[in-house]
Amino acid sequence: MIEDGVLSFTVDEALLSIEFGKFQTFVLCYAGMGWISEAMEMMLLSFVGPAVQLEWELSSQQESLITSVVFVGMLLGAYSWGIVSDIYGRRMGFLFTALITSVAGFLSSFAPNYWSLIFLRFMVGIGLGGGPVLASWFLEFIPSPHRGKWMVIFSAFWTIGTIFEASLAWAIMPRFGWRWLLASSSLPSFLLLLFYAATPESPRYLCMRGRITDAMQILEQMARANHKALPSGILVSESQLELDEKSNHSEAAHLVGNGWIKSSDEDMNMKASCVSTLRRLLSPKLIRSTLLLWMVFFGNAFSYYGIVLLTSELSNGKRACTVKSSQPSRSNDDSLYKDVFVTSFAEVPGLIISAAIVDRIGRKLSMSSMLFISCVFLIPLVFPRTGEVTTGLLFCARISISASFTIIYIYAPEIYPTSVRASGIGIASSVGRIGGITCPLVAVGLVHGCHQSAAVLLFELVIFLSGIAVCLFPLETSGRDLTDSV
């Protein structure tokens, strides 16, 4: 494009010219390692809770708290790290998340008593809350026509993490116990710290902040690494173009074109409090999307972790409710590891399905159809079933809910502008953590109380309402460029 007689281009146009190459592959692997780390820390809850309960003779409520406290930490962390990354940069956001997760996760393995374990797992949750920052960071390096495909590939790292953790638990827990599993599961977070110095800041974020020169340097590095050429002209941001149009090429517009002036809205955001961030997310243009997004995140998190926990709890709870004679401990453990391991592979077809439909039929239809299909597979669990049928139904339900969860992490960054993208996703993820907090109380408490039908019906209701919320989203983002300002 031509800006005041000078050729110019935006970050989106630069990414289209650079295409996806070696540079983005490094970004993908780094962000993916963070996703593996979060998946492993979440999946180990299925194994650590029952083991700690047995060793320390805990009640079912105390066992549930080991899981719920992680989600409480994630609620606070997701909200905080999203705001930090919007104010101080994406790199700063995921640096502290990796540091807290790795240290607290490793120290958890040395917890001398129940309450020290609760505190350390809470700190792990705070660190894990920064996971959405990595998703936003990776998204901002991807050309718009390929966002759906590459975000699905990014989500595959979560699947790798869940399968790897299930395998690790099967190998470690029977021989060495839960402490070795906690220590081993913290290693991916240490890898994030090891390679942190080589990570670049998001050029879209830099450009939005008026740091045009820094953004241009990153784009030039990307072009060299991918053996591509940048468009001719100078780099400008979308927010600068919008200001130019509103000011009719006034003196302020010329200064912004040189990258020295930020909009007053951005200056305010640098000093914004949590209240002002919420005010922007709940502004007339974003309030409908924000509230519906919160509902869908809550429903997906509640249902996804519910299905994961149901897999382990039905293996144990079914024995207490339907089998009078006790079984050998090792047999029960083997059944638990096998069921969790098998259902973890449901993430693979879930990824394949989401990759096949997310760009073809759009984000909204993809999500809603997966949520409603998940409802169909859970309905038979209302009635007593054999172990093999239960595992099969949970496998199919997890395929659908994991596909929906994958797509919501593609859709959420696309509906928010760069200025509030990480904060918006972080707060939405925090609301999802509320679902994670309440879910163990349902999955563990109701199943332990022999109320499997009530637990399943509650999951059905939450998933169905989430599907309705998806249908009410005002915007289909498939194929659209990312925006920089509201």
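Cβ atoms are placed via backbone N, Cα and C, with glycine included.
Sequence-distant contacts of the transmembrane segment (27-52) (same chain, at least 6 residues past either end, Cβ-Cβ under 8 Å): 58, 63-64, 66-67, 70, 94, 97-98, 101, 105, 114, 117, 124, 128, 131, 134-135, 137-138, 141, 150, 153-162, 164-166, 168-169, 173, 177-178, 181-182, 185-186, 188-189, 191-192, 195, 199-200, 305, 308-309, 311-312, 316, 336-337, 340, 344, 440, 444. According to TrEMBL, the feature transmembrane segment maps to 27-52 (among others).
What TrEMBL lists as domain 'Major facilitator superfamily (MFS) profile' is 27-478.
Among the features that TrEMBL reports, transmembrane segment is placed at 64-82 (among others).
If you look up TrEMBL, you'll see 94-112 (among others) marked as transmembrane segment. Away from its own ends, the transmembrane segment (94-112) comes close to residues 34, 37-38, 41, 77, 81, 84-85, 120-121, 123-124, 126-131, 133-134, 137, 179-180, 182-183, 185-186, 189-190, 192-193, 196 of its chain (Cβ-Cβ under 8 Å, at least six residues beyond either end).
Same-chain neighbours of the transmembrane segment (118-139): 27-28, 30-31, 34-35, 37-38, 41-42, 65-66, 69-82, 85, 90-91, 93-94, 96-102, 104-105, 107-108, 111, 147, 150-151, 154, 189, 202, 409, 412-414, 421-422, 425-426, 428-430, 433, 482, counting only residues six or more beyond its ends whose CB sits under 8 Å from a CB of the stretch. Per TrEMBL, the feature transmembrane segment maps to 118-139 (among others).
Under the heading transmembrane segment, TrEMBL lists 151-172 (among others).
Here TrEMBL flags 178-199 (among others) as transmembrane segment.
The transmembrane segment feature in TrEMBL is assigned to 286-307 (among others).
Marked as transmembrane segment by TrEMBL: 340-358 (among others).
The feature transmembrane segment is assigned by TrEMBL to 365-383 (among others). Within the chain, the transmembrane segment (365-383) has long-range Cβ neighbours (under 8 A, six or more residues past its boundaries) at 296, 299, 303, 353-354, 357-358, 389-390, 393-394, 396-397, 400-401, 403-404, 407-408, 411, 452-453, 456-457, 459-460, 463-464, 466-467, 470-471.
Among the features that TrEMBL reports, transmembrane segment is placed at 389-412 (among others). Here the transmembrane segment (389-412) has long-range neighbours at 132, 135, 147-148, 151-152, 155, 158-159, 293, 296-297, 300-301, 303-304, 307-308, 310-311, 314, 318, 339, 342-343, 345-347, 349-351, 353-354, 358, 363-364, 366-367, 370-371, 373-374, 377-378, 380-381, 424-425, 428, 463, 466, 473, 477, meaning same-chain residues at least 6 beyond its ends whose C-beta is under 8 angstroms from one of its own.
Counting residues 6+ beyond its ends, the transmembrane segment (424-448) has Cβ neighbours under 8 Å at 45, 49, 60-61, 63-64, 67-68, 70-72, 74-76, 78-83, 85, 125, 129, 131-133, 135-136, 277-278, 281, 286, 290, 293-294, 297-303, 305-306, 309-310, 313-314, 317, 320, 412-413, 415-416, 454-455, 458-459, 462 in the same chain. Under the heading transmembrane segment, TrEMBL lists 424-448 (among others).
Among the features that TrEMBL reports, transmembrane segment is placed at 454-475 (among others).
Only residues 6 or more beyond the boundaries of the transmembrane segment (340-358), in the same chain, are considered here, and those with a CB under 8 A from a CB of the stretch are 43, 46-47, 148-149, 151-153, 155-156, 158-159, 162-163, 165-167, 169-170, 307-308, 311-312, 365-366, 369-370, 391, 394-396, 398-403, 406-407, 410, 478.
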